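Asks: Below are the structure tokens for one structure; questions will follow.
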Amino acid sequence: MQVSLTAGSLAAGSLAGDPAAAPLLTRIETRPGAVVWLVRHGETEWNAQRRLQGQHDSPLTPRGQRQALAIADLLARTLGKRPPVRLVSSPLGRTRATMAPIAAALDLPVDYDPRLMEIGLGAWEGMTWDEIEAAFPGALDGATSHERFFRPPGGETHAAMMARLGGWLAEVDGPTIAVSHGFSGRVLRGLYGGLDPLAALDQPQPQDGLFCLRDGDMEFLQAMLEDDLGN
């Protein structure tokens with residue numbers, strides 16, 4: 001395992017609240033043969049309500065269920081039945097529900113790894129930003145759209161999140177389908193691509209497709225929902 005340490009333009013303290021913190025890891029060198037098909041869970045009820053989920057859960061919406069089925073179909077058409085691929089998922093309910101049709105379509109078992117979980121948002125999980133403003137006056141003052149995710153009482157720091165996700169990515173040693181989350185997925189792709197940590201958080205993380213991380217490149221593969229086909 002080789003982990004590259006580069007400072008980038010974003011220090012851990014700028015997001016984690018510690019101005020003396022060392023620069024964040026910005027690149028993970030994966031092992032030979034590592035390929036990751038990175039999936040975000042389907043839309044959930046709290047996604048639709050614009051509530052912060054963190055490491056709490058809410059069920060997939062009907063659209064989220066269709067997204068999971070469409071991604072399963074895309075992977076089955078791409079890889080076939082019982083491909084030589086490992087399936088690994090965050091253990092949270094929404095990722096389990098998204099992985100279930102993938103595992104069924106590929107006829108493969110699933111491993112669960114807590115390092116793939118979403119950022120921990122402490123006391124703010126389940127709340128909207130308006131509710132947070134009302135319940136925690138001043139907590140968001142001066143925070144950018146990224147910094148506010150690292151403000152909640154009892155929440156996870158950016159450095160801690162990158163360390164656990166980077167540890168997982170460094171261990172991947174073959175073709176792997178991973179179901180994770182929006183914030184976590186951005187961080188994983190940033191670590192894989194060697195992106196500045198702030199640029200990594202600006203990446204899109206759609207729920208109707210997946211990213212293939214292979215040979216240093218990142219390719220987005222779109223899944224076609226019935227809605228998109230007009231059915």
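Placement of Cβ uses the backbone N, Cα and C atoms for every residue, glycine included.
Keep in mind that this is a model prediction, so the values were computed, not measured.
Feature list, courtesy of TrEMBL:
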- HIS41: active site, tele-phosphohistidine intermediate (ACT_SITE)
- GLU118: active site, proton donor/acceptor (ACT_SITE)
- ARG40, HIS41, GLY42, GLU43, THR44, GLU45, TRP46, ASN47, ARG94: substrate binding site (BINDING)
Asks: Measuring Cα to Cα, tell me the gap between ARG40 (substrate binding site) and the residue listed as 'active site, proton donor/acceptor' in whole angstrom.
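Replies: Their Cα atoms are separated by 10 Å.
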Asks: What is the interatomic distance between the Cα atoms of TRP46 (substrate binding site) and GLU118 (active site, proton donor/acceptor), given in whole Å?
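Replies: Rounded to a whole number, the Cα-Cα distance is 14 Å.
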Asks: Let me know how many other Cβ atoms fall within 10 Å of the Cβ of the residue listed as 'active site, proton donor/acceptor'.
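Replies: For the residue listed as 'active site, proton donor/acceptor', the count of other Cβ atoms within 10 Å is 26.
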Asks: Using the alpha carbons only, what distance in Å do you get between the residue listed as 'active site, tele-phosphohistidine intermediate' and ARG94 (substrate binding site) once rounded?
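Replies: The separation of the Cα atoms works out to 6 Å.
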Asks: Please find which two of ARG40, HIS41, GLY42, GLU43, THR44, GLU45, TRP46, ASN47, ARG94 have the most distant C-alpha atoms, given that the record lists them as binding substrate, and give only that distance in angstrom, rounded to a whole number.
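Replies: Maximum Cα-Cα distance: 15 Å.
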Asks: With Cβ-Cβ distance below 8 Å and at least 6 positions apart along the chain, what are the contacts of THR44 (substrate binding site)? List them in sequence order.
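Replies: GLN53, ASP57, SER58, PRO59, LEU60, THR61, GLY64, ARG94 - these are the non-local Cβ neighbours of THR44 (substrate binding site), listed in sequence order.
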Asks: In the same chain, outside ARG40, HIS41, GLY42, GLU43, THR44, GLU45, TRP46, ASN47, ARG94, whose C-beta lies within 8 angstroms of the Cβ mean position for the substrate site?
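Replies: Leaving out the recorded residues gives ALA48, GLN53, SER58, LEU60, THR61, GLY64, GLN207.
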Asks: In whole Å, note down how far the CA of GLU118 (active site, proton donor/acceptor) lies from the CA of GLY42 (substrate binding site).
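Replies: It is 14 Å, counting Cα to Cα.
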Asks: Select the most exposed residue of ARG40, GLY42, TRP46, where exposure means the fewest other Cβ atoms within 10 Å, treating these as the binding-site residues.
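Replies: Selected from the binding-site residues ARG40, GLY42, TRP46 on minimum Cβ neighbours within 10 Å: TRP46.
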Asks: Any idea what DSSP makes of ARG94 (substrate binding site), helix, strand or coil?
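Replies: Reduced to three states, the DSSP call for ARG94 (substrate binding site) is helix.
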